[in-house]
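Undergrad: Just passing along the structure, written as structure tokens.
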Amino acid sequence: MGNAMKQLMASLALRELWQGMAVTLRYMFRPNITIQYPEERTPYSPRFRGIHVLRRYEGGEERCVACKLCEAICPAQAIYIEIDTESRADKRLTKVYDIDLFKCIYCGLCEEACPVEAIVMGPYLDMAYEDRNARFYKKDQLLANGESWRAEIDARLNADAKYR
């Protein structure tokens, strides 16, 4: 009978409710852990692998020599390359260089396979698209990413050069 009386008093006094409110009040006055994503961003690690980038040489010439090693090594088969046979006789160039970002698993094997460091992983990964076809990055988009993130990519590659 004594145990039943304790349970009745606990349920009438709503002990669990007051315990929960105490926990809530305790956490209410602590600093926030949550990051408000679009406005605030967490810093990425130096070796973060984001959206792909095609690089150019300092003179503006494309680095890619259309060897297709990145296409061959990609485990997800996310890279598609066509060789441009009509443009120059002394150097092979790509006519089509497409990457399906939804297929890609961001493993970095394409970056490791490239003999001229033409394709590297960029410093950002924002994949909020309104159109499903936006997941396909074409050659001009990849080159534009390379130009806009050039300083960050060069700094990362120089810092990581001793491990390559």
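Glycine is treated like the rest: Cβ placed from N, Cα and C.
Taken from Swiss-Prot, the feature [4Fe-4S] cluster 1 binding site covers C64, C67, C70, C114. The [4Fe-4S] cluster 2 binding site feature in Swiss-Prot is assigned to C74, C104, C107, C110; the stated evidence is sequence analysis. Annotation comment: Swiss-Prot describes 55-84 as domain '4Fe-4S ferredoxin-type 1'. Among the features that Swiss-Prot reports, domain '4Fe-4S ferredoxin-type 2' is placed at 95-124, with the record citing sequence analysis.
Describe the structural surroundings of these features, if you would.
TA: Following the DSSP three-state reduction, the secondary structure of C67 ([4Fe-4S] cluster 1 binding site) is coil. Long-range C-beta contacts of C67 ([4Fe-4S] cluster 1 binding site), restricted to its own chain and to partners at least six residues apart, with a cutoff below 8 Å, comprise R92, C114, P115.
Secondary structure from DSSP puts C110 ([4Fe-4S] cluster 2 binding site) in a helix.
On the 0 to 100 pLDDT scale, the domain '4Fe-4S ferredoxin-type 1' (55-84) averages 93 in the predicted structure.
Residues 44, 48-55, 62-65, 67, 69-70, 72-84, 87, 135-139, 142, 145, 149, 152-153, 156-157 of the same chain lie 6 or more positions beyond the ends of the domain '4Fe-4S ferredoxin-type 2' (95-124) yet place their CB under 8 Å from a CB of it.
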Undergrad: Could you give the Cα-Cα distance between C110 ([4Fe-4S] cluster 2 binding site) and C64 ([4Fe-4S] cluster 1 binding site), in whole Å?
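TA: Cα-Cα, rounded: 12 Å.
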Undergrad: Which residues, in sequence order, are found in the same chain with Cβ within 8 Å of the centroid defined by the Cβ atoms of C74, C104, C107, C110 at the [4Fe-4S] cluster 2 site, excluding those residues themselves?
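TA: Sorted by sequence, the hits are C70, I73, P75, A76, A78, I79, I105, Y106, G108, L109.
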Undergrad: Determine the Cβ neighbour count for C110 ([4Fe-4S] cluster 2 binding site): the number of other Cβ atoms within 10 Å of its Cβ.
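TA: Its Cβ shell of radius 10 Å holds 24 other Cβ atoms.
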Undergrad: Reduce the DSSP letter at C74 ([4Fe-4S] cluster 2 binding site) to three states and note it down.
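TA: The residue in question, C74 ([4Fe-4S] cluster 2 binding site), is coil (DSSP, three-state).
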